[in-house]
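Input: a single structure, listed below in structure tokens.
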Amino acid sequence: MRILGIDPGLRTLGWGVIEQRGSRLSHVANGLCHSDGDDLGERLLSLHNQIVEVIEEYRPDQAAIEQTFVNKDGAGTLKLGQARGVALLTLAQAGLPVGEYAPNRVKKTVVGVGHAEKEQVIHMVKLQLPGCLPKGADAADALAIAICHAYYGSAQALSQREVRA
């Protein structure tokens, strides 16, 4: 199963693709989507188009995205939510099932503690995906989100099916 992880951001959105075969994980690709300028609509469209390119090139089977946390900067949180919304819309248009994970859960899964530093996440992603060179902290976070989904995604899908039944 191929999993696309997304770390949403308006200025820089990280993405990472991993392959899961049984309990084995391997790195496929990772990168950053950038949006600059003053026009919010154009920036969101740019992110959408870049995510579409990633999906078309790497053909993931499932996706995972980090949940938004609310902080003291309301305007910043709103912009993050808009970028996350565009990412979710793009994934839905591609027909991908999406898992959503809290930042602390991702860090606890990959590092072992929920309040890990960026450097710890990067280090553990490299250990769990040999040969992987993340193209930045946001790409490493996206790979960590994909790893988290590899561990919890199947169980989450199963529990959602059980709730519906």
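Using N, Cα and C of the backbone, Cβ positions are placed for all residues, glycine too.
What Swiss-Prot records for this protein:
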ACT_SITE  Asp7  active site
ACT_SITE  Glu66  active site
ACT_SITE  Asp138  active site
BINDING   Asp7, Asp138  Mg(2+) 1 binding site
BINDING   Glu66  Mg(2+) 2 binding site
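Taking Cβ-Cβ distances under 8 Å and a sequence separation of 6 or more, the neighbours of Glu66 (active site) in its chain are Ile6, Asp7, Pro8, Arg84, Glu100, Tyr101, Ala102, Pro103, Val106, Asp141, Ile145.
For Asp7 (active site), the number of other Cβ atoms no farther than 10 Å from its own Cβ, over all displayed protein chains, is 28. For Asp138 (active site), the Cβ neighbour count at a 10 Å cut-off comes to 24, with all displayed protein chains included.
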